[in-house]
Amino acid sequence: SRSDEAYTKSARVWIPDAEEVWKSVELTKDYKNDDASLQLMLEDGTLDPKTKNLPYLRNPDILVGENDLTALSYLHEPAVLHNLKVRFIDSKLIYTYCGIVLVAINPYETLPIYGTDIINAYSGQNMGDMDPHIFAVAEEAYKQMARDERNQSIIVSGESGAGKTVSAKYAMRYFATVSGSASEANVEEKVLASNPIMEAIGNAKTTRNDNSSRFGKYIEIGFDNRYRIIGANMRTYLLEKSRVVFQADEERNYHIFYQLCASANQPEFKNLRLSTANDFLYTRQGRSPVIEGVDDAKELCTTRHAFTLLGINESYQIGLFQVLAAILHLGNVEIKDRDSDSSLIAPNNRHLTAFCELVGVTYQDMSQWLCHRKLKTATETYIKPLPRLQATNARDALSKHIYAKLFNWIVEHVNKALVTNVKQHSFIGVLDIYGFETFEINSFEQFCINYANEKLQQQFNMHVFKLEQEEYMKEQIPWTLIDFYDNQPCINLIEAKMGILDLLDEECKMPKGSDDSWAQKLYNTHLKTCSLFEKPRMSNRAFIIQHFADKVNFSMSFCSDFVTDQIFSYHLCPSCKPQRILYVYTSKNKMSFDLLVELFQDEEKATTPTGQVPGTGGRTRLSIKPDKGRDTSSKEHKKTVGCQFRNSLQMLMETLNATTPHYVRCIKPNDFKLAFSFDPKRAVQQLRACGVLETIRISAAGFPSRWTYQEFFSRYRVLMKQKDVLPDKKLTCRNVLEKLVQDQDKYQFGKTKIFFRAGQVAYLEKLRADKLRAACIRIQKTIRCWLARKKYLRQRSAAITIQRFTRGYQARCLVKFMRRTQAATVIQKYQRMCVERKRYRQKQAAALAMQTILRAYMARQKYQALLREHKAVIIQKHVRGWLARCWYKRCLEAIVYLQCCIRRMRAKRELKKLKIEARSVEHFKKLNKGMENKIMQLQRKIDEQNKDNRVISEKLVSLESSYASESERMRGELGRLRGVEEDAKNKANQVSSLLEELEKLRKELSVTQQEKKTIEDWAQKYRDEMEKMVSELKDQNGLLKKEKDDLNRMIQEQSQQMTEKMTRAIAQETQQLETDLNEERSRYQNLLTEHLRLEEKYDDLKEELNVSKPGHRRTDSTHSSNESEYTYNSEYAELEDGSRVGEDVTRGMDTSLTLKLQKRVTELEQEKQSLRNELENREEQFQRARARARGAELEYESLKRQELESENKKLRHDLAEMRQSLLGGAAAGAGAPGSPAYKVLLDQLNASCEELEVRKEEVLILRSQLVSQKEAMHHKETMTEPSVFAKDVNKLKDADELKQAYVGVKDTNRLLEQQLQAQRRTYDSEVESLRGELQNVKEENNRQQQLLAQNLQLPPEARIEASLQHEITRLTNENLDLMEQLEKQDRTIRKLKKQLKVYSKRIGEMGAGQAEGQTSPGQMVEEPIHPVNIPRREKDFQGMLEYKKEDEMKLVKNLILELKPRGVAVNLIPGLPAYILFMCLRHADYVNDDQKVRTLLTSTINSIKKILKKRGDDFETVSFWLANTCRFLHCLKQYSGDEAFMKHNTSRQNEHCLSNFDLAEYRQVISDLAIQIYQQLVKCMENILQPMIVSGMLEHETIQGVSGVKPTGLRKRTSSIADEGTYTLDSILRQLSAFHSTMCQHGTDPELIKQVVKQLFYIIGAVTLNNLLLRKDMCSWSKGMQIRYNVSQLEEWLRDKGLMNCGAKETLEPLIQAAQLLQVKKKTEEDAEAICSMCHALTTAQIVKVLNLYTPVNEFEERVSVAFIRTIQTRLRDRSESPQLLMDTKMIYPVTFPFSPSSLALETIQIPTSLNLSFLTRV
């Protein structure tokens, strides 16, 4: 309503605008009733001229962008246009509801919103619960068809280029995907395959659309009683035949012609004689033969594939292409003037020749009848020539007629292919037809289009009016008649008696009908009687019709075109019928001829498109029948095109009226095909034409805004006072509304809803916003007061602090001044003291210097006298010593000679005595006894003597060298002393001369003192320079140390980086391997699912076969023996008989299907086995690679680091010594043999030699120990008998025994000699090797010396670099050698480990066999057997259960098939059925009965499958058998005997291991069964949770009052207020707890429970996020808070159950980030950066979608700007991710079953009587 109180200052209104249609302005002052005009201000700040009319009010911003236009408070044209523009441009949303109409705007861009995931998301949802979409309309039609048992229709209309065909195509794709087909014929594929065929023959490029449908079609998709697609039927309307012969600029003919021209070079099209499209008149007129981005040749392949799929075989396709090629050639036939009244065709026209060959007519007849006309009178028939223009029109009419017939034929055969024998229960029709059209020149086609739209609009208005009336009556509110536009007068003008169509038919039947006469009839009949019919002012050959959308000016010329087409088609076609030219029929064109017969004989039977030969049963009737009203006997009374269209339109309207319609209005946003560009003029023109605004007008006339009482109370609770709130919500709302809105006509109270007039919701929103604004102002006032006081207190505290610090500073300044004054006084005192002390010390130093000189002179004189006396004593000492040594030496030599003579004599005597003793046996024995020890002692002595000799020789050499040097020195000293003595004698004579020289020396002394002073000055100067140099060297040393530290730090950093890099690489490789492993598991488990599906299908077929043949019932044994997929190589032979029986039973089955299934099962088994092997290899490689990588890398890194550190320490030490030695000495003598550098190098060389010697000695010791150990072992083996013999040597009495002993001794000696020789050879080889090593060391030493000599010649810096480079090279080589050795050792270790495993396994097997089968006979003889009385005790059970073979089926039946988890199984031990089955299996293994083991396992597996197939929807059953299957699998592992599974067993449990059979293959089969049960469990839980997720996670307000409900439209969403029966978050938590408790009660493994919970949380997160991405009303700040609270409740549940580490929380990360995205700021660049870094689990498409959908619930929130969204897209464009919008809710994580051993002892298990297993016996 436009109440005056709404026109206040700052209110925004709409005013008309020439460019934008409607422009938003703002009132500058309040409007009052007595005001003559309004004062408005434009949004750009300029003042608008005053207007007198009250403009439309603008809706609040909170209502802009709504999904449903009827949710707007002010319903008018500018509000609708603005809402569509905001959704299309800002939010990139192309669908919007307008009541019952879906408005679809063509985006001219491919959007990712039509995938299978979107289809699954919309499937099963209410139409108002999701964002607008074509899938929502399709789902609503499908749901109403199933619910109401009523046929449905989807009416898609719009301009050319608006997207009608695409919308219809997506609707059909939705039905095909959701429903599936009822047979194996893939009917849904055929339905979709009809689209490319119809697009090829009925679509063309126009200026508005590259793929414009030039015909209307109504497709009926049939469904059976289970609502699965069974077939389809298509009806077409208004094919644009004129396009075949004429196209405007920038347009094309139908696509099929260009597809044929593009494929003309293919071999099968050579006989068509085609070329490029520019060579034919019918394809080049538009001058645009190519569509950008479309490959016509490829499109033809798609069309041919669709033909084949629909049953039109290759020969019929060639026939179609021949007819189409003939039309192209016919268009190129040139007709020339013969004279003014006749025309002719030149002979041998190649295009006419090609046409005649393709259609099977003669050239002569065709050229004759194209240029002549046949006239019939009552008695005679005349042939009249035609002028060139009429002949050309006749040629074009024939082309159009042939194409129209061909089009109808294809439609008929498409319908025939889509029809099935199954009875149709219901259908959904999809109508794709032109919208209202108006052009500058409007032809008969536009007339028919607008006529059809008038009929559709009338039906639409009546349907909308009916729905409104039903709603008001349902709510029991007063019903007032709504005035709406009725277009029945316009329809009567067109179709009534003497209407436009009747007059047109009458004029066309006249022999001389013309445009002028028809125009005059129209003017006379309707101009004065009908207000909707007008005549243009400036024309007498046109008329105007006032349609519901606009006035349309029609030209009279379409009457002549219509007449021409009819006349020439009527007269030419009979003459050209193939029946009349049978004599030119050739076998070459047989198919084209047959096809033409079908095209031109509607009444006759036609051959099937499969190409069957005519004969019995070879022909069927086409699906299209002739019209009932047609008189076949009279060709003069054929129906006109107008009459035919009127009748077909009437049939269509009858069909639509019998169905429930659904409307889709397609809007073209601009004429330039620009993506997401909105032209308001074009849009509003189409909105007026398509009936959207009429829907708005009807809604606005009544009560468009509707609220439930609960929603109204929740939204406007802020407008109520506490006293107004009553327990009865309905009464509360009534009282509040009476206070807020005074006019009672503005609202009505229904049973469940409140109805508001237009504008009232906006008024209530204004009141609510004012109330909230006042509350906000009060809150702001309080907060600002608090902030101001807080700021004042902070400033006061700061002022006090500043004062305190200022006063402290002043006090410190005073103290500082006083301290400085006192310090100055002290400084003066000490300065004066220093001056006096310096003067005193100078005087003292002068006195001391004089005393020092005098005392030194006296001391030197005394020292010279003492020195001369001391040297004389030394000379005497040495002379006397030499004489004494000479006498001693002579005496010693004499004594030694005497001793030698005596010792020689004694040695000869001893030798003679030893020779005598050597001949005796006893001596020989004694000698032999100690020979071994003596040899070792001798060897040791030899080594010690060699070492002593070496030491003594070294000492001797050193003594000789010292003695030689000492003797030389003494000789030199003696000669010097003699010379001194002679000099002394001579100098005694020279005393007098020396005294004379004394005076001279004194004079020189003074000179010398002066020189000394000069030298001292020079020395001081030199000392200063040296100190300076030392400081420089120290600085340089510091720099070098710094460089060294930097290098060390760099080395450490590099090593750390390498370590981190290696760690990251290992982590990435590990993660990649884990990902690959999970992918392999997932692929393998998907294959298992597919295998299970095929198996179930196979079982269903077998059951159907058994039902169909009751005489062949399968027994249980046959059933069990046919389970081939669970029997392996050892079992195939035994089951051949059973499989033969199965073949006999299934002989009646479809053989091809059975073979396909068997082949598929075999392939799946092979693929499963290969995947299993690959999985095991991957796991083994992964473990091995990880262990090897970690161990090798760590060991190598530590070894390398230790070596480098030790080498670096040695290098630093050597470098420091070399620097000191090189820098400390003079440069001249640096390289001399006695220099310090030489000594340092020599010391290093000696140290290396000593270290080498030590290493050699260690090697020798180790080798000697090894040799001694070998000899001891060998000696122990060979000397056992001789040692025994030696002990008993005293017992020998016989000479023979003595002889034998002597022979043994000889053998022993020989053996010792061999050992000694072997030792000698070993010793020689070791000596040789040591010599070689010594030679290598010497060479290395020489090389080092040469290198050192070279280095010493270099400058210090280059010398250091060269030495470092050399050392680094050496260390690198050594490291490489060590690495090679390490790799060899690793290979050797791995080889030895493998051998060790093999040997240990063999030894274990041999030891076990020996322990069981071998007993020492000695023990049996030695241990006597005494009769013992054994007391009888209770029977000791072995944990086995025995049963008879005939009781096996009873066991399976009672334990599996009839066991109820809720009944008997509740009180059982968890996993008891698994334990019982395993104990039975143990007994079969114990008695070594392989047949029993096999049948028991097979029956168990089949029975579990059977019970799951029967009760697979029961969660408790599936959970129970998942737990028992896993427990049975773990028992098979725990008691398999493998060491890996026996670690946690007790000794008693190890005794219960299986002993005869290896069931590893059956373990894999049971593991596969567990995987299938797990997947079934997940699906079962998902089906239970699915209805709760959206309601509990999104719609329910867990935190009450946070998010108010926004106004909704006709498509009402599910209320977010929790009513009775709706699901809440507590419902989800309770259900999760029930799942968890049930699985725990059943004894499910904790690790498996974690995987189940993780999968459930993934489903919850995925479903919630997908709904969030498809619901605009859920994307708000408050909803983000609700989601985060709900997620926190789920995390709390995980924490309570101890499942936080199961990975379930991580699966909710995308949902958490989406909720955070709804709550964060979305304005600045920093916000964009924060969003990009935060939302790493969301894809770019999801982030952009959430931002586009973000909708404020209150006025205080702001929308996300387009610029911000583009910033986000720019930042995220480098992400490599999937473009998929929705998460895959069907994804199941690969499951694993970690080994979980049981501590339960099998012998303690008791079988309850409730299981009815009394036939089992405990063993």
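From the backbone N, Cα and C atoms, a Cβ is placed for every residue, glycine too.
Noted in TrEMBL for the protein shown:
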DOMAIN    8-60  domain 'Myosin N-terminal SH3-like'
DOMAIN    64-769  domain 'Myosin motor'
BINDING   GLY158, GLU159, SER160, GLY161, ALA162, GLY163, LYS164, THR165  ATP binding site
REGION    606-637  region 'Disordered'
COMPBIAS  624-635  compositional bias 'Basic and acidic residues'
REGION    649-671  region 'Actin-binding'
REGION    1103-1145  region 'Disordered'
COMPBIAS  1120-1132  compositional bias 'Low complexity'
COILED    1154-1262  coiled coil
COILED    1295-1402  coiled coil
DOMAIN    1498-1774  domain 'Dilute'
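Cβ neighbour counts within 10 Å, taken over all protein chains shown, single out THR165 as the most crowded of the binding-site residues SER160, THR165. Sequence-distant contacts of GLY161 (ATP binding site), defined by Cβ-Cβ distance under 8 angstroms and a gap of at least six in the same chain, are ASN106, THR206, ARG208, ASN209, SER212, LYS668, LYS673.
Other residues of the chain with a Cβ within 8 Å of the Cβ centroid of GLY158, GLU159, SER160, GLY161, ALA162, GLY163, LYS164, THR165, the ATP site, are ASN106, ARG208, ASN209, SER212, SER213, GLY435, CYS666, LYS668. Within its own chain, the region 'Actin-binding' (649-671) has Cβ neighbours under 8 Å at 84, 88, 98, 100-108, 134, 137, 140-141, 144, 148, 150-164, 167, 171, 208, 218, 235, 237, 429, 431, 435, 451-452, 455-456, 459-460, 463, 677-679, 682-683, 686-687, 690-692, counting only residues six or more beyond its boundaries. All chains included, 26 other C-beta atoms sit within 10 angstroms of the C-beta of ALA162 (ATP binding site). In this view, the densest Cβ surroundings among the binding-site residues GLY158, GLU159 belong to GLY158, judged by other Cβ atoms lying within 10 Å. Looking just at the domain 'Myosin motor' (64-769), the mean pLDDT is 80.
Listed in sequence order, VAL156, SER157, GLY158, SER213, ASP432, ILE433, GLY435, CYS666 are the same-chain residues six or more apart from LYS164 (ATP binding site) with CB atoms under 8 A from its CB. In sequence order, ALA104, ASN106, CYS666, LYS668 constitute the residues six or more apart from GLY163 (ATP binding site) in its chain with CB-CB distances below 8 Å. Applying DSSP to the region 'Actin-binding' (649-671) sorts its residues as follows: 9 helix, 8 strand, 6 coil.
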